[in-house]
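One structure below.
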Amino acid sequence: VITSLGSDSFRPSEVQNFGGLSVVGSYYGTNDSDLMSHDPSQATKKVMRGRTTRKTRQKKILAQAPSARDSAYEGPPRYDWIDIETAAAVKVQAIFRRNQTMRELEKQDITTAAMRNRKRAMKAKKYKKMHVSEDTPSLLRFCGVGFLFGDATEEDYEIKEQMAKEEYARKKKAKEEEETKRRRYRPRKKPAHQLVEEFEVIE
């Protein structure tokens with residue numbers, strides 16, 4: 001278990017099993033007082049491999065995290081949990097404040113291009129429609145010429161969408177009328193040629 005005592009110098013790659021316990025190794029220390037007195041990892045372990053005997057490095061755990069200077073040059077890297085917690089808290093607060101500010105501005109009818117794009121994107125996602133972004137306006141929107149073509153007031157998009165709906169409704173109505181006409185069609189009955197034969201038996 002990594003507690004706050006050694007969390008600053010914790011490295012997952014250094015966790016090893018020694019004596020039935022999970023030992024964090026490869027830490028350094030100059031004095032024995034820096035080591036935990038009840039830590040069994042202070043012992044030296046020998047590994048037998050065939051005919052050779054390899055002496056592993058000594059496992060040490062510091063009671064205090066190394067300084068920033070030692071971590072920068074020769075010691076293990078500092079792993080500050082407070083940095084992760086602070087970053088997460090700041091991110092959550094930023095998202096909450098952004099949404100709160102956007103709601104307040106929408107109530108006051110004060111919106112920006114990004115807010116309108118977000119609202120259109122959510123609406124388009126709901127109804128599966130396309131939306132026009134205001135982040136990159138066309139050249140005609142910077143002058144009065146845009147009002148002639150409806151680019152500045154976005155009338156072109158609305159008119160095109162309305163025309164597309166009318167065209168779709170017209171084609172759908174024509175198709176339904178054609179199907180109704182085909183249902184009323186009855187094929188003409190052609191006269192059937194009937195051949196009547198008589199047989200006379202003469203004895």
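Just so it is clear, glycine is given a Cβ too, placed from its N, Cα and C backbone atoms.
In TrEMBL this protein carries:
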REGION    32-73  region 'Disordered'
COMPBIAS  32-44  compositional bias 'Polar residues'
COMPBIAS  46-60  compositional bias 'Basic residues'
REGION    166-191  region 'Disordered'
COMPBIAS  166-181  compositional bias 'Basic and acidic residues'
COMPBIAS  182-191  compositional bias 'Basic residues'
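Here the compositional bias 'Basic and acidic residues' (166-181) has no Cβ contact under 8 Å with any residue of the same chain six or more residues outside its ends. Shown for the compositional bias 'Basic and acidic residues' (166-181): DSSP residue counts in helix, strand and coil, namely 16 helix, 0 strand, 0 coil.
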